[in-house]
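According to TrEMBL, the feature substrate binding site maps to Trp69, Tyr76, Arg77, Tyr78, Asp135, Arg161. Per TrEMBL, 2-oxoglutarate binding site is recorded for Asn120, Arg121, Tyr122, Arg205, Tyr206, Asn207, Leu208, Thr209, Phe210, Arg211. Summarising the annotation, TrEMBL assigns Fe cation binding site to His131, Asp133, His187. TrEMBL lists 113-214 with the feature domain 'Fe2OG dioxygenase'.
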Amino acid sequence: MLDLGAPEPATKQQIGPDAWLLKGFALSDADALLAAIEQIAAQAPFRHQVTPGGYTMSAAMSSCGAYGWVTDRHGYRYSPQDPQSNQPWPAIPALFAELAERAAHSAGFAHFAPEACLINRYTTGARMGLHQDKDEQDFTAPIVSISLGAPITFLFGGPNRSDPTSRWLLEHGDVVVWGGVSRLYFHGVSPLGKKASHPTTGAVRYNLTFRKVR
Ligand code: MD3
Ligand code: FE
């Protein structure tokens, strides 16, 4: 039997130094990903966390993997337990890890083994302001993100907060790999639009980000 191996994404678009948009890379796994998110959320429910500045995040979050990302009045950190249950986070499903590894490989990062998967859930108006992801100890590993559900506008800046931003539409099934210097670039997402919706999720967007933490 002829085996062509992993299918290449329809388009692999470079959006920054070592940052690659793999359009539709997760499309064929999208239903299974959404079902797995539902299972994870049954164990570790989505919650609106509060930042050290006292601001309640508009995106609801959960996590799976050896570590989850936690913020409260005391600061940001990775924690091996869900502070809401004091239990370990649910394991990263094999499908998640395989997909993230395949995406990283396709962008030139071999042997990516995520230790944490953060799950963001956006409803109408939810956003994420410009920020850097700096709570991990190893910036040489890439971050892989998977978008599911309603489309959103992603803002991609540079190494300084004041750098100009480019805008990219992230749609159901899109995967982005952020490595190299892009790994520390400022980024965020615009508020989820009032008309943004997807046949499967309605007016909800999920984003999975896979990270090496230590
Ligand atoms: C670029 N999430 O969880 S995903 C985050 O759509 C986060 O939920 C956004 O920013 C979301 O921290 C954007 C794309 C993304 C994730 C991590 C990055 C882009 C990144 C890290 C470095 C550079
Ligand atoms: Fe981020």
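Cβ atoms are placed via backbone N, Cα and C, with glycine included.
Since we're looking at a predicted model, the values are computed, not measured.
Positions of the features from TrEMBL, shown on the structure.
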residue: Trp69; record: substrate binding site; Cβ contacts under 8 Å, 6 or more apart: Met61, Ser63, Tyr76, Arg77, Tyr78, Ser79, Ala116, Leu118, Asp135
residue: Asn120; record: 2-oxoglutarate binding site; Cβ contacts under 8 Å, 6 or more apart: Ala59, Ala60, Met61, Met128, Tyr206, Asn207, Thr209
residue: His131; record: Fe cation binding site; Cβ contacts under 8 Å, 6 or more apart: Phe186, His187, Gly188
residue: Arg161; record: substrate binding site; Cβ contacts under 8 Å, 6 or more apart: Leu130, Phe186
residue: Leu208; record: 2-oxoglutarate binding site; Cβ contacts under 8 Å, 6 or more apart: Leu33, Ile37, Phe96, Cys117, Leu118, Ile119, Ser145, Ile146, Leu148
residue: Phe210; record: 2-oxoglutarate binding site; Cβ contacts under 8 Å, 6 or more apart: Ile92, Phe96, Ala97, Ala100, Phe112, Pro114, Ala116, Cys117, Ile143, Val144, Ser145
| query | Do you know which of the binding-site residues Tyr122, Asp135, Arg161, Tyr206, Leu208 end up with C-beta under 6 Å from ligand 1? | reply | none
| request: Quick one: average pLDDT across the domain 'Fe2OG dioxygenase' (113-214), no decimals. | output: 98
| What Cα-Cα separation, expressed in whole Å, is found between Asp133 (Fe cation binding site) and Tyr122 (2-oxoglutarate binding site)? | 19
| said: With an 8 Å cut-off on Cβ distance to the His131, Asp133, His187 Cβ center, who else from the chain surrounds the Fe cation site? | reply: Met128, Leu130, Gln132, Tyr185, Phe186, Gly188
| said: How many Å separate the two farthest-apart Cα atoms among the 2-oxoglutarate-binding residues Asn120, Arg121, Tyr122, Arg205, Tyr206, Asn207, Leu208, Thr209, Phe210, Arg211? | reply: 20
| remark: Quick note, Tyr122 (2-oxoglutarate binding site): same-chain residues at least 6 apart with CB under 8 Å of its CB -> Ser58, Ala59, Ala150, Ile152, Val189, Leu192, Val204, Arg205, Tyr206, Asn207
| field | For the binding-site residues Tyr76, Tyr78, the one whose C-beta sees the most other C-beta atoms within 10 angstroms | value | Tyr78
| task | Enter the number of other CB atoms within 10 angstroms of the CB of Tyr206 (2-oxoglutarate binding site). | result | 25
| query | How many of the residues that make up the domain 'Fe2OG dioxygenase' (113-214) does DSSP mark as helix, as strand and as coil? | reply | 5 helix, 44 strand, 53 coil
| query | So which of the binding-site residues Arg77, Asp133, Arg161 sit close to ligand 2, that is, with a CB under 6 Å from an atom of it? | reply | Asp133
| query | If you count the C-beta atoms lying within 10 Å of each candidate's C-beta, which of the binding-site residues Arg77, His187 ends up with the smallest number? | reply | Arg77
| How many other Cβ atoms are found within 10 Å of the Cβ atom of Asp135 (substrate binding site), counting all protein chains shown? | 16
